[in-house]
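Here the structure is laid out as structure tokens; the discussion comes afterwards.
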Amino acid sequence: MPHLQLKKHGNRCWIWQTFVVFSTDVYVMTLCLKAEVSNLNLLTFALQVNTNGFVSTAKPLAESEYLGNMPASFSIIAAFLGDLDTSDGIGKVYVRQDTSPDILQKIAEQISQAFPNEDEVEPTHAVIVTWEKVAPQGAPERGDGSIKQRNTFQLVLTSMEMSTYAILLYPKDDIQFFSTHIEGANEPVEAGFSKGAIKSWFSWNSVQGPYYRITTDDEDSIKDLTELTNSGRPGLWVYEIGSSAPDSSITPGQVVTPEEGVPEPSVSEVPESIISESLLTQDYPPDEQETPFPEIPSTDNPSLNWQPGPLHPPHFQPEKSEIQPKTRSQPIYSQVVIVDEQEEDLNVNGERQKTCSNNRQKCSHFADCRDYASGYCCHCKPGFYGNGKDCVADGKPQRMNGKVSGRLYVGNMTSPVEFANNDLHSYVVANDGRAYVAISSIPDSIGPSLQPLASLGGVIGWAFALEQPGYENGFSIIGGVFTRQAEVTFQPGGEKLTISQEFKGIDEHDHLVVTTQLEGQIPQVPPSATVEIDRYSEIYQYSSNLITSSSTREYTVSLPDGFVHTRSYLWRQSISFQGCPHNDAALSVPSSQQLSVDQVFVMYDATDQLIRYAMSNKIGGTPQQNPCFTGRHGCDTNAACRPGQGTQFTCECATGFTGDGRACYDVDECRETPGICGAHAICNNQPGTFRCECIEGYHMSPFLVEVDHPIDHCQRGTHDCDVPERARCTYTVRSSYICTCLPGFSGDGRACQDIDECQTAHCHRDAICYNTQGSFTCQCRPGFHGDGFRCTSESEREKTRCERHREEALAATSGGHFFHPRPSVGQYVPTCDSYGAYEPTQCHAGTGQCWCVDRDGQEIPGSRTGPGSRPMCFEHGVDPPIVGPTPSPEVSPLAPGTNLLFAQSGKIEHIPLDGNNMRKEETKTLLHLPDRVVIAVAFDCEEKMVYWSDITQPSISRASMQGGQPTAIITTDIQSPEGIAIDHMSRNMYWTDSILNRIEVATLAGRHRRVLFDSDLTNPRAIVADPANGRLYWTDWNRDSPKIEMSNMDGTDRTILVREDLQLPNGLTFDPYSRQLCWADAGAHKVECIDQYTHLRRKVLDEIQYPFAIISYGRNLYYTDWRREAVVAVDRVAVKEVDEFLPQKRSRTYGITTSYPHCPQGENYCTRGNGGCSHLCLPRPGGFTCRCPDVGDGSCVESDRSF
């Protein structure tokens, strides 16, 4: 069990030693405390801070000695004693000593409030212990990432000359459980003070000392900790726990009625950076300081806030020995007091020293800190812009992510339309001022009416507007932390809308974060109408920490019958921010600046329920003619335009990118500078930048603090494994390691020999196998294309709709040419991209007109422009449009060929495959999904889209593999989606829900939902499809009766395929080439396969650990393992594990799938024209079924067709 220990170190200080015990490993940290704690017998020997919610004087014995057996034989201060869990990486314990005057003053005020008659409360130092987000040990878990209940509480020990006090804090919103599981029963936690065993006056034997118990065996007494008080503040408890007198006892605070208007305490979110503050040290003379310690940065986050709360008399219950309340005249032992972590607005370092030496860490990594007479300010370095606390590279595109909530009345509606936490995504091409905004899950009842409000997300356009000479955009002046309040008054109806936005700065993914709240009334725009917004200008007035603006904006509403309404609204807004008051140069910003907005484009997509805005923004006066100021320069989207004389300019790639400025490629700092993060850290490359993350056993601080000194022989090269070209050395624990031969070699790891895979490899029949050292390659024969495992004749690939459309247009020639047909004069010829899809912008070569099209090539109404102008079109299904870095010819965002895609925590990563081998060194993150738990992953080879399920905010989403933001397609009536199957031929998807216990189907856009099965299902998880044969397979990990079932894809012919010898079938995959259905069983710890036709079942591998998902490719099976936190490759022909990929950031791995450059050959009865069905076309062997969605519109017709 992890604990912290306080030991005497020489005559100067006390040493905190941290023992974090994982299995057999013990890790030690030391912290030298400045002041020596006085002679309380609780601290006579050593102070142990235990993760089970208490502090003691000696290393605790077995948990059975104190859990459920209080009072224990050793001294204990029990803040929240129970069987608590901090092993999952979320729960943490923080410890520090504080002697700052601000902190001690606040502690003195709390003690004085609890003991009004106490004079001269002058604490000299304090020790602060915080248990943050700890969970009950052994709490039941479904296996799907469900969130546990967690508690956060704090203990403070503070000493004065003659006495010691303890302060305990229990914030109401942060105490979620009141008992833990001990020896088969739920036992209430305990809080109190116990002296343990003491010497008897009458014998040589020890007797149990006094136990002052704050709580009782009733859970209500634990709940009362958050609502009652003895200090005048609900949830905060103060005790005098020692003095110099030998007969001292525990004295509680005397104010059991809260002060009027005093709120109860609550703990705010503690950022990850606070981990570096868990050890706080003081400086000593060099000759007396045995070990150097880093200076720990301060934090701006107050530990708690106070909110009103009820108050009742507290419960006190002494046990074992009678403890009489003592009078205030009785002396007390001098003793250290321990308080729970959320202190009352105790800013650890405060603003005591407003200089760069103490506050440099508050500036951006891309900023310099400068001292001024009255304080310090942060300034972005050359090549970056911002306010110094937030800095971004010149010319680099900027993204904004956030949430939108609202309560709006539309037109004459009598009841409002309410929505909450809808995703907002925005993208700005900073070097020309183009801004794109998209808000998802906007219902039809309000979507069309939001179209006039382009400035709803247009604030990012102002923040990153194209700057004219002598002017600055919003981000350059105020950075990314500010609040925006806007009022919109519509004419002629007088409707009013208020917009409140909070911008929270740049997050770890370099995205600007914002929350938006809408309240009020807006005029109704008919669903079929289009909206056009005229270009407008707006004057921004700048003053100290406040920016205001107002303007009148006109827009037109065009109805299908040709009638056009012209309307307007008055826009007023104020932007509040906190500037740096110490730098006079900051006052040089012009008192007013003009924002010019033109090329405004708005659209509501009723199918995907998306509202989209696009606009071009410039800040300053009349735009100059230099292309850098007009935005017509042609520089790469990741480049800055540098103006020259007249109309001359140059393009310069943004920091973190390389190239000639016309084409910029991301610099992979991690690969080019391997040691950039230093020892004990891993480097994660990101577009234009990189992030350093500590490996397990280390935490981030001004420099990495080592927690242990095990010898990693693999890293040092002091192992005896075979050479790296044939073997892999894997560090295990402490100083141990194992040797294993690399894939393609056999042996014991210390001596490995090449395997000739071509003797057994399964290349395609139209491919040739070539053996190489440790591997082999499959190459399609001339006249065929593919990866060697799948080879298709060049003449067999089916052309896309755009390609067929283009061929038909070119075929309609007037005379033409023999080799290169030309279209007839006036003939429109569509433009297709490299994948055969319609380009979003189509133009007529004869008339010069351009327009936007959807993915089916249909023109989007209202997007057509005249000759010489091009509309701002959105990519199909991408939110917002793809405007990203040009892929490098050497390193593409997604490697060509086949890739493994797997989910881990808040991201989806991809591993390129070379034949059956994982190119692990080329693994990269495909998609960052912060604060999400991604479970299932699937791939649509037709549109190159990745699909995934999320259980934190239950939904199914998708994104293009070529770039763009995620789009949620299933967000309602869904609770725990754990499996997704894609039918790329019929353009449908199937998914399981293990809480609703059902299987559903819908189109790939999330439309026409229909429940396929909702009976005889308990915990459905994995699901796979065989579109060519119209079959569906799924697992049910019902622990009482697990099974694997199959049916036709229209829901007919449901049957149980496997029932015997199953325990926890998690993963499932189907190989159409071998007709093998394979699964991974986390209960039986093995991988098995079965032929669905012969029912021949065979074991592939056993003695595996905890597999979650599995996928088949070539001769290999690849599965994710929760315990190994890895992706494991299994050769199902050789029946053995052949490779393993361990992500740099270790955490559970979830869903896994493969992405293909081309779809497998074949089609089913629904492939062409949706089978003639009006809604869902569901294939089955020998036919298909037309099915209606569960929520129909009356136009659907059902039918069955067989052939």
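Here, residue 1 is simply the first one shown, and the rest follow in order.
From the backbone N, Cα and C atoms, a Cβ is placed for every residue, glycine too.
Between Cys850 and the candidates Cys832, Cys843, TrEMBL records the disulphide pairing with Cys843. Helix, strand and coil content of the domain 'EGF-like' (710-753), in residues and according to DSSP, is 4 helix, 15 strand, 25 coil. Mean model confidence for the domain 'EGF-like' (624-665) is a pLDDT of 81.
Sorting each residue of the domain 'EGF-like' (624-665) by its DSSP state yields 4 helix, 15 strand, 23 coil. Counting residues per DSSP class in helix, strand and coil order gives 3 helix, 18 strand, 18 coil for the domain 'EGF-like' (754-792).
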